Amino acid sequence: MEGALSFFSPSPFSSNRSNLCLPKKPLSQFSSSRASIPKVSPLARSSKRTRKPDVRISPKTAERSRISRPLDSEKINIQKLNAEVSPHRAVSAVRLLRIEQGGAFADLLNEKGRKAAENEMSYVERTLGFRTRDLDDRDIRLVTDVVGGSVRWRRYLDHLIMSLCNKERMFTDMEPLLLQILRIGFFEILKLGMPPYAVVDENVKLAKAALRPGAGNLVNAVLRKLVSLKVRDCMLHTAFALITVLYFYFCAFLFSPFFLFQEKDSLPLPTLEGDDRAQARALAVIHSHPVWMVRRWTKFLGQEEAVRLMNWNNSDPCFSLRVNTAKGFKRVDLVNRLEDLMVPYELSSCMDDFVRIHTGMQIVIQAGLLKDGICSVQDESAGLVVSVVGPQPGDAIIDCCAAPGGKTLFMASCLRGKGTVMAIDINRGRLRILKEACKLLNVTNVVTTTHADLRLYAEKHNVKVDKVLLDAPCSGTGVLSKRADLRWNRQLEDLEQLKHLQDELLDAASMLVKPGGILVYSTCSIDPEENEERVAAFLQRHPEFVVHPVHPYVPPDFITDKGFLFSNPVKHRMDGSFAARLVRSLDYPC
């Protein structure tokens, strides 16, 4: 579940950066024009009563003086403009700072489109003390790629940066902003394949402008070390390929070229050696995941499948669009708009109202498809959960922990104006977002919102409905591809707290189900402890509920042996999710 971006006040990131937020001014603004001042005799200078000479200022000097004294906000912005610094790198560095300090998520594109980019520029000015030129469409795409990629590959990048620093303490004591600039440079060279000379030059400019000249020198030295390793790497691979070709052509048998270059990759990365713990630490660096996640997945899935899962989490996310049938649109209407915009797409094979796009999300936003209510961004795995609920016209449904409301809106559209969906959430701000979305998608006639803690609400209100959906708070391990920052915000200890909360919410949600009614428990986790084990524990506490297999509601490929819904990110190429459909027996009194 995603939240709104929270504001944080810019502050110095280190004690030796007291002038971080001061604008850089050219020296010419502080020097006067001596050429226009006439010479005065010594006698005149020594006389107190001598009349001061008339000073004539050229029009050019007068104009420069006028600009150097800002009188309004427009002149201040001109003064703070730094045209030499790359705008996408400045925005990326500031956003990475905000992410690490808990003030932002790793995505820039949203329904507000360009307005979000304009907000980022204001953060840049407040944090760095200068402005860059405005972001164009290419810059916005680069910010999205650089920020998301730098967050995903943070552990990998930090390992290389620390290895190429002269001393480990240099890395541990590094200023946060300087570290973000180095991460950007390493990611652009290693993962985006940008020209190394340009990456070095632009990031050095950013470090000097945002910090000080010495910081730029450090960025220059470390990035050049990386470039030299990559050049050596390329030469080794070229020589290796050439000798291999010669080997096969001339059938050399005295030695094999595979022994000539034992280290094909000269980057200082760990090797998969030692016991399970050592291998898990190495995999955590190579694939940039927390060690506890790697150990857990290798235990549940095996090393080979765990590596596939980590590769999926590090890949560029694929987005799905759900057409808004409540406003009369059909999937063919959405397809026609995408074709007009020349956005590549593919039809969903498991959900009739969904379309997948791998690229072009920015075009979709700017074209107004979301703002006009034609479609919504929603993963197919979330749509499958709604299919398990099976909303029908006339149903009374409660969506627990509903905000920001993607499943609420989909269920409401399925009711076709007949029935009700009550959305309960503890976060008032996110419920406000849901209300606005209901207006946009034309489902206000069936959706009501309630700000409450589900556990307290169920105890105080004697409400019984046909169907209850509990999309419980979870570790989110099934959505790490889209939520790049989430892997670093979770700890192993969080699972125990989450499991306890999930049990409490399940008990509360069960009180809202009428006899013969349906309770659907879902998560966006791939961890059995949050899924099957929570259902098993619930059934032991509540014998009045039984599992109702999901076979009639979703394709067979998504159904487990026990009749649950499970989408595997690697296998199904979508977010990981789980859902169990439970029926309350008619034989038990409420």
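Any Cβ shown, glycine's included, is placed from N, Cα and C.
DSSP assigns C524 (active site, nucleophile) to coil in the three-state reduction, placing it in neither a helix nor a strand. Sequence-distant neighbours of C524 (active site, nucleophile) (same chain, 6+ residues apart, CB-CB distance under 8 A): S381, C474, G476, T477, G478, V479, D575, G576, S577. Summarising the annotation, TrEMBL assigns active site, nucleophile to C524.
Annotation for G405 (S-adenosyl-L-methionine binding site): same-chain Cβ neighbours under 8 Å, separated by at least 6 residues, are D399, A423, R430, I433, L434, A437, C438. G405 (S-adenosyl-L-methionine binding site) falls within neither a helix nor a strand when secondary structure is assigned with DSSP, and so counts as coil. As annotated by TrEMBL, S-adenosyl-L-methionine binding site applies to C401, A402, A403, P404, G405, G406, K407, D425, D453, D471.
Look at TrEMBL and you will find 52-66 tagged as compositional bias 'Basic and acidic residues'.
Annotated domain 'SAM-dependent MTase RsmB/NOP-type' per TrEMBL: 309-585, in sequence order. Summed and averaged per residue, pLDDT over the domain 'SAM-dependent MTase RsmB/NOP-type' (309-585) gives 96.
Sequence annotations record features per position, and here TrEMBL assigns region 'Disordered' to 24-66.
Per TrEMBL, transmembrane segment is recorded for 234-261.
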Listed binding-site residues (C401, A403), ranked by Cβ neighbours within 10 Å, top entry:
A403
Just checking a number: largest C-alpha distance across C401, A402, A403, P404, G405, G406, K407, D425, D453, D471 for the S-adenosyl-L-methionine site, rounded to a whole Å.
19
Distant-in-sequence Cβ neighbours of D453 (S-adenosyl-L-methionine binding site), under 8 Å, six or more positions away:
I426
